[in-house]
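S.K.: Please see the structure below; I have some questions.
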Amino acid sequence: MQFLRTALLSLLLLLLAAPSLALPSGISRSAPAATVCPEHCDPTRCAPPPTDCEGGRVRDACGCCEVCGALEGAVCGLQEGPCGEGLQCVVPFGVPASATVRRRAQAGLCVCASSEPVCGSDAKTYTNLCQLRAASRRSEKLRQPPVIVLQRGACGQGQEDPNSLRHKYNFIADVVEKIAPAVVHIELYRKLPFSKREVPVASGSGFIVSEDGLIVTNAHVVTNKNRVKVELKNGATYEAKIKDVDEKADIALIKIDHQGKLPVLLLGRSSELRPGEFVVAIGSPFSLQNTVTTGIVSTTQRGGKELGLRNSDMDYIQTDAIINYGNSGGPLVNLDGEVIGINTLKVTAGISFAIPSDKIKKFLTESHDRQAKGKTVTKKKYIGIRMMSLTSSKAKELKDRHRDFPDVISGAYIIEVIPDTPAEAGGLKENDVIISINGQSVVTANDVSDVIKKENTLNMVVRRGNEDIVITVVPEEIDP
């Protein structure tokens, strides 16, 4: 824009100058000679344009023959040739010359139609696109590589245009930028048998809820692991201690010792969540720090009894945001950056669930009370699976998505088998359907949970594809 003002001012001074500063020979200030265009354009009768066209080749005033265009800043609009590629003839006063306007026409200047700077492949910043194109033509004349446009704006790190669409409407990116520093990657280690060597066995995500290092995650992420390591967004790693676990609700609290204050995430009110709201799931799947998925809330009250997730008194948040093993334990947030749930499991494509933030608040309050009073808790039996109750409608939906899904309409559908657990050792696999244990029929996932509490050995019959397989699993006792 500054260049345009300068160019127009130069033209004005040129037109108001003394007679000694006349226009080029043969060009009058007004009443230019009429350009006579042929009735029909015959390109074969056009003179070949010069090979050296610094302003680029353009069509003549009749739109027929190729000619060399005038350079930026050249006089135009009278008897001169047309402006070069990307340039337009700007007349500060009066009207430009045209096929119908000649006598009252005024001279103008060739000005670039694009006024913003651009960065070229030669790492130079050009005032506008036209100057870059001129530089590219000069480079090609010298048999050098052409200069191409790398980006709008100056080379190097520029400032984002506040009026751009991506600045106005990228609200998801704003949320991620706000919450990412408080999201952590969790790595789990276990010692090899008959060896002191430790190996990573699983990973997950979590989020910081206190400035002194308290972190919330899923219970299944940290349960039954010898050592827990936490990595912050800046790459710093810390050993973590497990402070409290509610294996039934699948919530855990761990703690790292960190000097200074840590960024934290605040809990929102999941009771105020509405179906259709945008949500963002963030975590570290496959050990990739802060991978983001987005979606909407499908329903806010998917009952625990319906899902069979071992907590019949809790309603889960269902979302189509992608949740997997890696971002399990990470936060599900609203557009205000408030945590409204913990990413907990994916059933199939487009169907994932999160533990509501109101349940997290209850867990944190009860955990505080337990630690303040020094209460002890009894051990719980654990086999290491995540499951849901299978209904006829859910079975039909899964069969539509997976052709090899077992031909059953009830039972406990295994969503995940956690590595290095009794379930894995016994031979259970994802997508198995438990149909009986110790001779008792299994209709829901709650049936499995009840038997685990009572029995020391589980003789299971599972439907895998079209086969019934007998599997023995021995639960182990763990700290809750």
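Using N, Cα and C of the backbone, Cβ positions are placed for all residues, glycine too.
If you look up Swiss-Prot, you'll see Cys37-Cys62, Cys41-Cys64, Cys46-Cys65, Cys53-Cys68, Cys76-Cys89, Cys83-Cys110, Cys112-Cys130, Cys119-Cys155 marked as disulfide bond. If you look up Swiss-Prot, you'll see 33-113 marked as domain 'IGFBP N-terminal', on the strength of sequence analysis. Annotation comment: Swiss-Prot describes 98-157 as domain 'Kazal-like'. What Swiss-Prot records for 365-467 is domain 'PDZ'. Residues annotated as region 'Serine protease' in Swiss-Prot, with similarity to another entry given as evidence: 204-364. The signal peptide annotation in Swiss-Prot covers 1-22. Feature annotation from Swiss-Prot assigns site 'Involved in trimer stabilization' to Tyr169, Phe171, Phe278; the stated evidence is similarity to another entry.
I'd like to know what surrounds each of these features in this structure.
M.R.: Its own atom aside, the Cβ of Cys37 (disulfide bond) has 13 Cβ atoms within 10 angstroms in the protein chains shown.
Taken residue by residue with DSSP, Cys41 (disulfide bond) is part of neither helix nor strand, so it is coil. Counting every protein chain shown, the Cβ of Cys41 (disulfide bond) has 14 other Cβ atoms within 10 Å.
The number of other Cβ atoms within 10 Å of the Cβ belonging to Cys65 (disulfide bond), over all protein chains shown, comes to 17.
Just so you know, the Cβ of Cys53 (disulfide bond) picks up 18 other Cβ atoms within 10 Å once every protein chain is counted.
Around Cys89 (disulfide bond), a 10 Å sphere centred on its CB holds 20 further CB atoms from the protein chains shown.
Note: Cys110 (disulfide bond) has non-local neighbours Gly69, Ala70, Leu71, Glu72, Gly73, Ala74, Val75, Cys76, Cys83, Gly84, Leu87, Gln88, Cys89, Val90, i.e. same-chain residues 6+ apart with C-beta under 8 A of its own C-beta. In three-state terms derived from DSSP, Cys110 (disulfide bond) belongs to an extended strand segment.
Using a 10 Å radius centred on the Cβ of Cys155 (disulfide bond) and all shown protein chains, the other Cβ atoms total 17.
Summarising model confidence by region, the domain 'IGFBP N-terminal' (33-113) averages a pLDDT of 78.
Residue counts for the domain 'Kazal-like' (98-157) by DSSP state, with H, G and I taken as helix and E and B as strand, are 13 helix, 15 strand, 32 coil.
DSSP assigns Tyr169 (site 'Involved in trimer stabilization') to a helix in the three-state reduction. Sequence-distant contacts of Tyr169 (site 'Involved in trimer stabilization'), defined by Cβ-Cβ distance under 8 angstroms and a gap of at least six in the same chain, do not exist.
In the shown protein chains, 11 other C-beta atoms lie within 10 A of the C-beta of Phe171 (site 'Involved in trimer stabilization').
Just so you know, the Cβ of Phe278 (site 'Involved in trimer stabilization') picks up 16 other Cβ atoms within 10 Å once every protein chain is counted.
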S.K.: Counting distance between Cα atoms, which of the disulfide-bonded residues Cys53, Cys62, Cys155 is nearest Cys112 (disulfide bond)?
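M.R.: Looking at Cα distances from Cys112 (disulfide bond), the smallest one goes to Cys53.
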S.K.: For Cys119 (disulfide bond), write down the residues of its own chain that are at least 6 apart in sequence and whose Cβ falls under 8 Å from its Cβ; none is a fine answer.
M.R.: Thr125, Tyr126, Val149, Leu150, Gln151, Arg152, Gly153, Ala154, Cys155, Gly156
S.K.: Let me make sure I understand the structure: which of the disulfide-bonded residues listed (Cys64, Cys76, Cys112, Cys130) has the fewest other Cβ atoms within 10 A of its Cβ?
M.R.: Cys64
S.K.: Who sits close to Cys46 (disulfide bond): which same-chain residues at least 6 apart have their Cβ under 8 Å from its Cβ?
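M.R.: Correct list: Cys64, Cys65, Glu66.
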S.K.: Of the recorded positions Cys37, Cys130, Phe171, Phe278, which one sits closest to Cys53 (disulfide bond) when you measure Cα to Cα?
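M.R.: For Cys53 (disulfide bond), the spatially nearest of the recorded positions is Cys130.
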S.K.: DSSP helix, strand and coil counts for the domain 'PDZ' (365-467)?
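M.R.: In the domain 'PDZ' (365-467), the DSSP-based counts are 34 helix, 29 strand, 40 coil.
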S.K.: Let me know how many other Cβ atoms fall within 10 Å of the Cβ of Cys68 (disulfide bond).
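M.R.: If we count other Cβ atoms within 10 Å of Cys68 (disulfide bond), we arrive at 18.
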S.K.: Cα distance, Cys68 (disulfide bond) to Cys130 (disulfide bond), nearest Å?
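M.R.: Cα of Cys130 (disulfide bond) to Cα of Cys68 (disulfide bond) measures 15 Å after rounding.
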